[in-house]
Amino acid sequence: MQGDNDLLLNEYYVYANKEVEHNRCCGGLLWCIKDICGIICAILTWCLIMYAEFVVTLVILLPSPYPVYSYINLVIFQIFTFLAFVSHLRAMFTDPGAVPKGNATKELIQQMGFRDGQLIYKCPKCCSIKPERAHHCSVCQRCIRKMDHHCPWVNNCVGENNQKYFVLFTFYIAVISIHALFLCVNQFITCVHSEWRECSSYSPPATVILLLFLAFEALLFAIFTAVMLGTQLQAIWNDETGIEQLKKEEARWVKKSRWKSLQAVFGRFSLAWFSPFTKPQAKLKLENYLYSV
């Protein structure tokens, strides 16, 4: 049995090595979708984060006459901004669960032990054996395991391997958006009750424009990311992806309990749930090798 498994894995690696450069960069080390729209959206996301960083730091907090208030809020904002940025990078550059292209060969199917007459799903677009709950993404040009949706803001699909990072990204963006909105409102109140020239190192008109744009950005992204966060958590809670909900697919898989569904995405409950530097330790199975790059 072990010899058959080794032969099967060797066959798999032949196909995986053939496509090592597809949707990858940095010599195949990072997953990277070469989509112009997605790249522009990702860069725009970074620019908006940096703008909020600039206004909160240089316009609101550092000129503040209250050092304790300033430093406490500065540390909190910097920590959550850093976590949001790292979560975005992990969601963007992590393979979401792509199925190897061209693995639907007669030899590999026979070695996988499928019985005669057994139903096998193949993707006609990428010529791959389609695992249960996998869907083809026209942007990534791959079948993605447990694909929820393709998000241009992270220039990647949200799937089995990077859903945790996407959830953390929406969570931390919502947190810093609410925090920035609070700081904006508080700054307006402070400036109204004092001299505008004294509450900022910039001119009053420039300060007003910077604060208004930040307030608009913060309110917009707080609502958007909060909705996305709620949608993702509901999908995980019900063990049903966004595509499955949209297509109203009948559940042919055995649904996990709600707690097991959360653990499948975030791992065992700990502070690591909130860390974009850790990933859940999935159980290694032969099938996982066959359906991953």
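A Cβ is built for glycine as well, from the same backbone N, Cα and C atoms used for every other residue.
Annotation comment: TrEMBL describes 122-248 as domain 'Palmitoyltransferase DHHC'. The transmembrane segment annotation in TrEMBL covers 39-62, 68-86, 165-189, 209-229.
Helix, strand and coil counts from DSSP across the domain 'Palmitoyltransferase DHHC' (122-248) read 70 helix, 18 strand, 39 coil. The predicted model assigns the domain 'Palmitoyltransferase DHHC' (122-248) a mean pLDDT of 90.
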